[in-house]
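Trainee: What Swiss-Prot shows for this protein is this:
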type    : residues             : note
BINDING : Asp20, Glu21, Asp110 : divalent metal cation binding site
DOMAIN  : 14-198               : domain 'RNase H type-2'
Amino acid sequence: MRTDSGVWLTVVAHMIVGVDEAGRGPLAGPVVAAAVLLCEGGIAGLDDSKKLSARRRGALESAIRAQCRWGIGEASVEEIDRINILQATFLAMTRAVEALGFEPAEVLVDGNRLPRWRYQARAIVGGDALHPCISAASILAKQHRDRLMIAAAQDYPAFGWESNMGYGTAQHLAALRRHGPTPHHRTSFAPVAQLQLV
């Protein structure tokens, strides 16, 4: 494998990839997954993205992108509504792993459910706080999705997506009742679906 600013693990048996997602619960926006193969030696300070400040996440994201092999996958709002959020999450995870450009020896996934993959995989509850490769994936997934929602907020400022990232906060729900759903909303999610029945 190619060497850049980090030294890639070249032994197939060591190609253990971490996968995590961001955005299963929001009412708006895609679900995003990231897959990360850490460079040899790892990156100091990795942790569950939810436990890190925005500034720290940003610094770690830069290090991960520069020093690790990584892939990002998304499943759109349309895919979420068509196949459900769990299957859309698995689809995003699959796309993230495929974006790596190689077949890993094993994939460690945060959570208790796994996609149907041809390669070996393990679901690990709380894995984003236990395994650095999953921690790195959680950081990339959150940072990537946050940027998507901040960009979408420019077209729909009333919903406050630049701060709530599509989650059902009081501001978001009030704007949803006032303005109705946007193309970014998940119509299969109850708060949005109920408005469409009124």
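Just so it is clear, glycine is given a Cβ too, placed from its N, Cα and C backbone atoms.
How buried are the listed features, and what sits near them?
Mentor: In the three-state DSSP reading, Asp20 (divalent metal cation binding site) counts as strand. The Cβ of Asp20 (divalent metal cation binding site) lies under 8 Å from the Cβ of Ala33, Ala34, Ser49, Val109, Asp110, Gly127, Asp128, Ile134, Ala137, Ser138, Ala141, each of which sits 6+ residues away along the same chain.
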Trainee: Around the divalent metal cation site formed by Asp20, Glu21, Asp110, which additional residues qualify by having Cβ within 8 Å of the site's Cβ center?
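Mentor: Residues close to the divalent metal cation site, other than Asp20, Glu21, Asp110: Val19, Ala22, Ala33, Ala34, Met93, Val109, Gly111, Gly127, Asp128, Ile134, Ala137, Ser138, Ala141.
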